[in-house]
Amino acid sequence: MKKITLLFLVMIAFCWRSNAQFTESFETEIPATWTILDLASTNSWEWDDTPEGEGAQDGIAVARIESGYPEANDDYLITPQITVTSGLNDRLTFYIKSRSGAFLEPYEILLSTATTVAADFTVVLQAESNAPSAWTKVTLDLSAYNGQSVYVAVRSTSQDEWELFVDNFINDTFPACMEPTDLTVINTSNITADLTWTENGTATSWNLEVVDITAGGSVTGASTVSGVTNPYTLSGLTSNNDYEFYVQADCGTEGPSIWVGPMSFRTSCDAFTAPYIQNFENAGDIPDCWTMSSDSGEEDWFFNESGPSHVGDGGDLSGSTLSNGYYAVCDASSNHGPRYLMSPLVDVSTLSTPELRFYEISNAEDSDNAQLDVEVWDGAAWNLMATYNTNTAGWELKSIDISGLVYTGPAQARFTFSEPNGGGDDDIAIDDVIFDNPIACIFPADLTVANVTATTADLAWTETGTAVAWNIEIVNITASETVTGVATLSEITNPYTVTGLLPNTEYEYYVQSNCGTTDGNSFWVGPVAFQTDCNPLTAPYTEGFDNGGAIPDCWRIYSDSGEEDWIFEASGLSHVGDDGLITGSTATGGFYAAADASQDHGPRYLVSPFVDVTALTTPALSFYEISNSEDSENAQLDVEVWDGAAWNLVGTYNTNTAGWELKTIDISGLTFTGPAQARFTFSEVIEPGDFDDDIAIDDVTFDEAPLCMSPTELSVTNITTTTADLEWAANGTATTWNIEIVDVTGGETVTGVATISGVTNPYSYTGLTDDNHYEFYVQSECGVNGVSSWVGPYTFATAIIPPACGGVFVDGGGSHAAYSESEFSSTTILPDSAGESVTITFTHVDLEVDTFGSGDQDGCYDYLTIYNGPDNTYPVLAQTLCGQDSGNGDNTIVASSELHIGDFFTSTDPSGALTIEFRSDAGYNLTGWEATVTCATLSIDDLVNKSAFTYYPNPVKNTLSLNAQKSIETITVYNMLGQEMFRTAPSSISSELDMSNLSIGTYFVKVTIESVTKTIRVIKQ
């Protein structure tokens, strides 16, 4: 229902003063003379001077109530007492609306003839219904209560919706001549509009004022036409103009009603003459003379050149249209009801056999198909000509014979998108809408370009008719040429290799079927863009990406999704290296090429120019890589080399590097039939959607392979308090290596001099100091071929000697000293005697918290995780703990992560042990923690706490594990809006909760054990 605005405010104000018992617009408060009853849920009616959405119906403020959850509302907003007198105050009107059309609020209107106690509201003036999403006037007739004192209540019964607004109560009497309502425009043409409205009294004649908005007109209160019927066809309008109309009932001797309106409409354009084509190339705006609307008023058609994300197959648009640019599309992600797209009027009288053609692309992926209905206006009625609700094979040309219709005027097409089976993944799109005779010479489709070199390109297309010759137009975009519709080359074959192109130049091409002298030529189709390569460069060749953040000349980037490519940065992205901390160095420093892993946008490709490697004896491809998955799964980097005939996979990298690492690949085993080329493909095939491994590369080089290859993939395992096993990938023929160990805690720096020489791989290094930070570097020994470059550093820390019972447990920085950046440590504390359990009690807490909501782990930048047992395979006792009681006092924004002085944790595992892991990020470091360690036998109460349970991991990707002392009765999962997502009844002491189908975000998990309920907050990745 449209919002109706009353005119002539001076007259209305006079009516209010003379007739109204009261008016209330809530501009400053809900007055004390009104009564509010809050009988259920935690929400109640309240005053709101900043209502969301459209705002107040008039002024700035409203009375508002939020939907109840989990209980339904039972809340009354009650007027002051009304003593009803016929002809004076026997009418009550007000406006009501829901905040959103997607969450319509139920309400009812009740009346009491006694008191404001809920039980006295026994009369139902209006049964429960849903408030519309637009301001809607409610009119109540109180004349049946003449002489009585009554109260009227708006009762909210909403559960799990959003917000209900009311405004502008008026208690007056019915006018002698009732004003119309529900002004509607049924149909418009270029010069006419069919208008209608609802008569609320006895009038049989009405007056209209029509205002030409395009011409700058404004309302006057004077009739444009008088004494009209309902409905009424308004004629003599101007095409393609915006209008408003107002209506007034004419009640004869009782006079006219007040004017009501406006209702807006737009006349259509003058009819176009066929043949007519619309390709939507209007920079994302609806084309002139086209119109669109929707039943819900919430979402219309869009005009895009890419997206939404489910156009085609997950955003992949295959095939081609005539224009290959913008298209009209509907987003199917939510069911917003039917959406309409209407063409202008088109005179088809000049066509011998009129036909409507357009391209459609539709793919439901894993959901139900949406539906596209196509109707044609014949001058008198809409005719359903076709319905499409199945997948297409990419862009498909649809042709509809409309010659069988009897036209009494120009034709018009209406495309209706709907979702009979609910919202899903089928974002239907259309393009190139045409009114014309059937095609005599059918145009080609699926234009492609392949095997592009510096001076040539292979062009191909699909012939959809019977043509055996084609014309092409080549447009040099770099030279600022534009399409002319004149063939560059005529009567060529398919496919066709175009020659004589310029290196490193952008082109577009168009193609046209040549059907001979009888049927002539088809439409031109295209463009398809391509860029020629540079002339081959000569090895040795290096690219350091120091181009001010732009892609280097002669390099290419593209992606399968078309959404995100490689980026060229001097710092960042936020997860290049270890959470943005980049260690080690490259040859050039400065800028590098990186791929952002924050969302899975599919494979992304970075392609080098062609490089002539014939001058190299043992050609090699080398580059620096940095990769760190932090707390997620690794992304993957695939490296391929073109040998003149095919791409060859020569390297795959999907593990963490020790900062920047030099990768050298011997490519001398390939048979080169032309210049070489490198292609770097970033993908997230291990765990799509993980977001912490922003892989970067630098200094891509084609050169001679080094005589002594450097090791890569340094790693450290089996770390104890005094030993560590060092390991690396050899890459060449070396059988011995040199190692340099740097004592970082002791203040040492790298020297390039071996600490120990001639070691094997792996190598167990001894004589280390407990709770110490080290770096190690490694170098290959190749005998007569010398040594390789040093590679590293790889950073590690030796284990802490666990404190004994009665001792003190501190962080790696010692008592009140700062811990290290990017630190990881794991400590297991065991009791002195069997049957005892370890308790740690914190006496100092200073771990960096996240007070702005951007920390990596549930409100913490640096955090402790405590496991109930002798290693980290045991259940989590407490996770992502941090706090700054001993620092500036900040606490985390997530209460379940807060750690405070005095907090203690006791093992309930039979071993009596606790295992504590600590992680810090690459940023600010604080003074850590200090905790006393005590050991004692647990009491019976400790062992049988019926509501105790543990859960892990948090954040969770797929499965949340819960373990309890007693049987878990129920588990219920809610989203942040309080909506129940699902529930389960394990009836066991452990449960594996499958959260894999939930969207990324925050959820509340309510766990009930022997009638005791506890709610935890879980982050879903």
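Here the Cβ of each residue, glycine as well, is placed from N, Cα and C on the backbone.
Quick look at what TrEMBL annotates:
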type	residues	note
SIGNAL	1-20	signal peptide
DOMAIN	179-270	domain 'Fibronectin type-III'
DOMAIN	279-443	domain 'MAM'
DOMAIN	443-535	domain 'Fibronectin type-III'
DOMAIN	541-710	domain 'MAM'
DOMAIN	710-801	domain 'Fibronectin type-III'
DOMAIN	805-936	domain 'CUB'
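Per DSSP, the domain 'Fibronectin type-III' (710-801) is made up of 3 helix, 44 strand, 45 coil. Taking H, G and I as helix, E and B as strand and the rest as coil, DSSP gives the domain 'CUB' (805-936) the counts 3 helix, 55 strand, 74 coil. Helix, strand and coil counts from DSSP across the domain 'Fibronectin type-III' (443-535) read 4 helix, 44 strand, 45 coil. Secondary structure of the domain 'Fibronectin type-III' (179-270) per DSSP, as helix, strand and coil residue counts: 3 helix, 46 strand, 43 coil.
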